[in-house]
């Protein structure tokens, strides 16, 4: 699909590689990488294809580039079947930076289904190597916050409805915690098209971040959008893991590249994560093991994902 092709193209450009079979609908490609240079690059899905997926593709490469990179990623910022940009900034960024690197993500313009039209600028410097992570202590939930947004032709009332429905839903399970979900209307000059949605994050005493999110669409009641996000969050809190379903698979490539042993406690292993582990092991010398977490209450479906990383060293630094 367009975002997969844009992802391949940005990698090709980053490392002056050769790409064959790179077209929409292609079932086979051949890719020959060169040296990862860094620099400024633009990737544009020209659709609502997710900018977050483009970021996922590029990030492991730019970490091992010869010089800093600035990526201009264009497409959908809040799209179905992909992390919303708010998730990337609020959850993915602070956790992935525990591998000992930092990046800057500037949301220039938000874009929604079906046109896209969003733009995010990611700035990142290369590292010598990645440190392993140990995310095995969940701690207790200390705060719950988020944002419910509308953009374009939609009234702010919808954001307020999403927010209050979500709060009511969480209140049934978690009574004694202040929940702050801000309703916002995206400024017209910072959003292209019409869209709505919500993201809710729970922060724990050990610094874990788990989230639930949902997108509005035509004919879908705004209360339902809020409740859906709240239910996803509550489900992620129930299993006792330190990461939610969406983050689980996104950490695999970094665990594989890091030096040393990484451990992450999670809920049931998603198909995305199984796939990521399979390919990470094929492509690197990393070794993964997934075991049922024993110290938990046996009724909980909790697992430890452990990885002996390959200890990738940046040859340019």
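Cβ from N, Cα, C; glycine included.
Residues or ranges marked as domain 'RNA 3'-terminal phosphate cyclase' by TrEMBL: 1-290.
Marked as ATP binding site by TrEMBL: 56.
Annotation source TrEMBL lists domain 'RNA 3'-terminal phosphate cyclase insert' at 136-237.
Taking the Cβ of residue 272 (active site, tele-AMP-histidine intermediate) as centre and 10 Å as the limit, one finds 14 other Cβ atoms among all the protein chains shown. The active site, tele-AMP-histidine intermediate annotation in TrEMBL covers 272.
Within 10 Å of the C-beta of residue 56 (ATP binding site) there are 18 other C-beta atoms, taking all protein chains into account. Cα of residue 56 (ATP binding site) to Cα of residue 272 (active site, tele-AMP-histidine intermediate): a span of 13 Å. Over the domain 'RNA 3'-terminal phosphate cyclase' (1-290), the average per-residue pLDDT in this prediction is 97.
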